[in-house]
Amino acid sequence: MSFVSLRTSSLTLATEVGEAPAGLTEFWIIAGYLLLLILLGFFASRLFTGTKSDYQLASHSIGPFLLLMSIFGTTMTAFALLGSTGEAYKEGIGVYGMLASSSGIIHSLCFFLVGIRLWSFGKRYGYATQIQFFRDRLDSDLIGLLLFPILVSLVIPYLLIGVMGSGTVIQTMTAGAFPDVQRFVTESPATSGGFPKEFGSLVVCCVVLSYVFFGGMRGTAWANAFQTIVFMVLGVVTFCVIASRLGGEESLLDNLRKLGEAIPEDKATRVEMSKTKFFSYLLIPLSVGMFPHLFQHWLTAKSAKSFRLSVVAHPLFIMIVWVPCVLIGVWATSDLIPANIPLPKNPNAVLTVLVKNLTGPILGGLLTAGVLAAIMSSLDSQFLCIGTMFTNDIATHYAKEGRFTDRQEVMLTRGFIIAIVALTYWLSLFESKSVFTLGVWCFTGFASLFPLVVAAVYWRGLTKHGAFACVLATIGAWLYFFREAGYGANRTYTIDLLGHEVMPVAAIFAMSAIALVGVSLVTSPPKEETLRKFFSDDII
Amino acid sequence: MLRFIWPLVILLLILHQDNWFWDDGTLVFGFIPVGLFYHACISVAAATTWFLVVLFCWPKGLDEKVSHESTKGEQSV
């Protein structure tokens, strides 16, 4: 029986016996979850003191646990649940080493080496954005004008992935809930009768906007912590349920053994994976050092000690989320998958299809909430960050001193957040499948700018000309390779570097670092007063 | 302090490139492919390394210094 007839027959049967239509339970669970988030934002807003520092940075009051949860939630997007399963389905177990264990090493390295130093500068000199730091450190106003459009342009596709992904997930999981609403009927039975994706995206945008608008950074941190717990717990529960349904044995261990033995050889090893490509993937996690939204989260820390838990627990949290998803992905390639579950062509939909067919509507609804949690815990920080950048790096930076009161700056930030949410939603309405392939290109861009932030905090010899050369080399090389990859259309695009297959990030990163060092060595360094400001003590 | 961190991180990065398990499909505990198990162990090793860094290489007195300087800055404003 095909997937189409399975869904149609279950829908007909449900209607005949007077049960709720398929997808309706999931719909109400999702609605309840979104309502909970709005309430959370409302409670967070009651603690808002009304100042700009409180709105943008929660008055530097975030302790170790909230910092860990908010940073982890921000770095884990929908890719952590859906993408990890899909990539493992396609490539095998190697994706864990390629994307997860490498991030465990590199992310914590960035938090420790870059995050703490930037936090100390931010707290001393009152920064809320990366650009404020770079302008001061390099004695250059122009570096802000160059970086601003680049950082915003790299974040927007990332935002689009979340907004579009949330709509698609809601529509798929609620398919069949509204069979009588003509507007909700689609050609594909996998989505027909589901809450339309443009409405789903709109609802998610409005929910995120509500708690970011009212709660600011505090609301964002609370929501992130809550959502991180939700998607971690639900990920593990889903893993156990799917193992039990696919294995059909008594105990979890017996199920795991049966499923383990069924994994095809090519998925249980990395025989089809290039060793040098795997190695070059190590550069991708360096992107966290340049994410503007993560910079803002670092500045919320109450003290340097607040970073300790994040530095230690981050690799373990990645493991807790990724190992179950990777195993589910490789199980899906085994012959234990029932013939009546037609696996989709799009690997990212593998987890959703397994959940929908192997678990009940309640777990299906809860898992959808978990996926939305992963998406929204990144979206909120990115919206807040772009609003903060527009306010601090453009509006107030170029206005006369004293032009805006503190309260007006809060209103400006909120206004910019509404504008960016509206713009992102509007862009998401234009169906563009290629936007999903842009994710890795965004990470490549941020990772290639990493030499800039490391040099800014550790190298006295960095000059503004060196910084310009680094940014221009990065963007030039990025555009070149992006065009070569058919503007993201070629999803498996790699380059040949000295006879080895590597990701484009390896070449762009090398050019960025060479330009930065080369130009800095032949141009005059910043003023001694500036260097004293940033290198007066040996922090790390 | 950096001289203590770099050797540990470099060792982790070398261990991360596990060419020795590349085409080994052995199941550890009868259910987890050794390539995946090994990299889960790398995650645990990374957490342990960072725990040691926090214990022995954490910048001393940073909070007091930053708090003192930010108070001084606020007063001068």
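Going from the start of the chain as shown, residues are counted 1 onward.
Keep in mind that glycine also has a Cβ here, set from the backbone N, Cα and C atoms.
Tertiary proximity for the transmembrane segment (A:27-49) is limited to same-chain residues at least six positions away from its ends with a CB under 8 Å from its CB atoms, namely 55, 59, 170, 173-174, 177, 195, 203-204, 207, 210-216, 218-219, 222-223, 226-227, 230, 362, 365-366, 368-369, 372-373, 376. Positions annotated as transmembrane segment by TrEMBL: A:27-49 (among others).
TrEMBL lists A:61-83 (among others) with the feature transmembrane segment. Distant neighbours of the transmembrane segment (A:61-83): 103, 107, 111, 158, 161-162, 165-166, 169, 218, 220-222, 224-225, 227-229, 231, 235, 288, 291, 293-294, 297-298, 300-302, 305-310, 313-314, 317-318, 321-322, 325, 348-349, 351-352, 370-371, 373-375, 377-378, 381, 439; these residues of the same chain sit at least 6 beyond its ends, with a Cβ under 8 Å from one of its Cβ atoms.
Under the heading transmembrane segment, TrEMBL lists A:95-121 (among others). Long-range contacts of the transmembrane segment (A:95-121) within the same chain: residues 71, 75, 84, 87-88, 127, 133, 137, 270, 273, 278, 281-282, 284-286, 288-289, 294-295, 298-299, 301, 304, 307, 310-312, 314-316, 318-319, 322-323, 326, 329, 453-454, 457-458, 534, 539-540, each at least 6 residues beyond the stretch ends and with a Cβ under 8 Å from a Cβ of the stretch.
Among the features that TrEMBL reports, transmembrane segment is placed at A:142-161 (among others). Packing against the transmembrane segment (A:142-161) from elsewhere in the chain are residues 77-78, 130-132, 134-135, 292-293, 378-379, 382-383, 385-386, 389, 393-394, 397, 420, 424, 427-428, 435-436, 438-439, 441-442, 445-446, 449, 464, 467-468, 471-472, 475: each is 6 or more residues past its ends and has a CB under 8 Å from a CB in it.
For A:199-217 (among others), the entry in TrEMBL reads transmembrane segment. Outside the transmembrane segment (A:199-217) by six or more residues, the chain places 34, 37-38, 40-42, 44-45, 48, 54-58, 163-164, 166-171, 223, 296, 300, 372, 375-376, 379-380, 383-384, 387, 410, 413-414, 417-418, 421, 424-425, 428 with a CB less than 8 A from a CB of the stretch.
According to TrEMBL, the feature transmembrane segment maps to A:229-248 (among others).
Feature annotation from TrEMBL assigns transmembrane segment to A:278-299 (among others). For the transmembrane segment (A:278-299), same-chain residues at least 6 beyond its ends with a Cβ under 8 Å from one of its own Cβ atoms are 56-57, 60, 67, 70-71, 74-75, 94, 97-99, 102-103, 105-107, 110-111, 114-115, 118-119, 122-123, 127-130, 133, 151, 155, 217, 221, 270, 307, 378, 381-382, 384-386, 388-389, 440, 442-447, 449-450, 452-454, 502-503, 505-506, 509.
If one looks beyond the transmembrane segment (A:311-332) by at least 6 residues along the same chain, the residues whose Cβ comes under 8 Å of a Cβ in the stretch are 68, 71-72, 76, 80-81, 84-90, 92-93, 95-96, 99-101, 103-105, 107-108, 111-112, 231-232, 235-236, 238-239, 242-243, 246, 259, 262-264, 267-268, 343, 347, 350-351, 354. Per TrEMBL, the feature transmembrane segment maps to A:311-332 (among others).
Annotation source TrEMBL lists transmembrane segment at A:362-390 (among others).
The annotation transmembrane segment is assigned in TrEMBL to A:411-429 (among others). Within the chain, the transmembrane segment (A:411-429) has long-range Cβ neighbours (under 8 A, six or more residues past its boundaries) at 52, 55-56, 156, 159-160, 163-164, 167, 198, 201-202, 205, 208-209, 212-213, 216, 383-384, 386-388, 390-391, 395-396, 404.
TrEMBL lists A:435-459 (among others) with the feature transmembrane segment.
Cβ atoms under 8 Å from those of the transmembrane segment (A:466-482) belong to residues 134, 138, 140, 142-143, 146-147, 150, 441, 444-445, 448-449, 451-452, 455-456, 488, 493, 495, 504, 507-508, 511-521, 523 of the same chain, restricted to positions at least 6 beyond its ends. According to TrEMBL, the feature transmembrane segment maps to A:466-482 (among others).
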